[in-house]
């Protein structure tokens, strides 16, 4: 009798895991939710159900049962790969937030924190917007410097940058270490070694603080974040740049825009850019 009960319990767990990993749909909401969700102490199970039916056994044990990043979600179903899409996570020390998880590229588990795809979202924004995040997870967004800081402070993280040029050719840049500091450090950038096909246009900005048009932290005589010659947009400027993926969107006019200096082809007319991070445990 005991053996039968154990087998039935295992079967229920496997069915729940397969249901999440194969058939669940990404969350329906289109706008990023950066504000903290109120926790229901009386119904923690109900909160868990809101995470797209997540019922797989978890390797994480911290309260309140939300994964810390997309890598945690990937690891929650042994032998099965959850779909790419929107999920709730809660980084250590941070708020409950909704993110887009890339579960396909380079073995999956990537938490996407920036995307440029169609110019529908204005990226020429103030410090406070970049601090908390803005945009639409279905199109273009910045996840927020506070959120990126909390994510990259949880352990050893890597960065992957995806880029398309005007010919439609795809390139990537990967850094084996990625972290940004807190608001007191003005989100100082820390990078490791480069690999990839896009060229290393970010190492120049290593150890630089984040700048916006209303908070100039570069080492140049002008504010690089507000100057039209550099595409405008917030970034870890130095004096001034070899890259800026938050510049004004590519519009065929030839004006400075999203920029990656060593990208083959049109390095300052980039129609697609995406930045994502992942725990290096993979």
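Just so you know, glycine gets a Cβ as well, placed from its N, Cα and C.
These figures come from a predicted structure and were not determined experimentally.
Among the features that Swiss-Prot reports, signal peptide is placed at 1-24.
The average per-residue pLDDT of the prediction over the domain 'Fibrinogen C-terminal' (61-281) is 93, rounded to a whole number. Taken from Swiss-Prot, the feature domain 'Fibrinogen C-terminal' covers 61-281, and the record attributes it to sequence analysis.
Cβ-based neighbour count (10 Å, all protein chains) for residue 101 (disulfide bond) stands at 27. What Swiss-Prot records for 70-101 (among others) is disulfide bond, and it gives sequence analysis as the kind of evidence.
Counting only same-chain residues six or more apart in sequence, the Cβ atoms lying under 8 angstroms from the Cβ of residue 224 (disulfide bond) belong to 211, 216, 218, 230, 235, 237, 239, 240, 241. Under DSSP, residue 224 (disulfide bond) is assigned to a helix (H, G or I) in the three-state scheme. Summarising the annotation, Swiss-Prot assigns disulfide bond to 224-240 (among others) and lists sequence analysis as the type of evidence.
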Under 8 Å by Cβ from residue 70 (disulfide bond), same chain, sequence gap 6 or more: 87, 89, 99, 101, 102, 103, 108, 109, 110, 111, 278
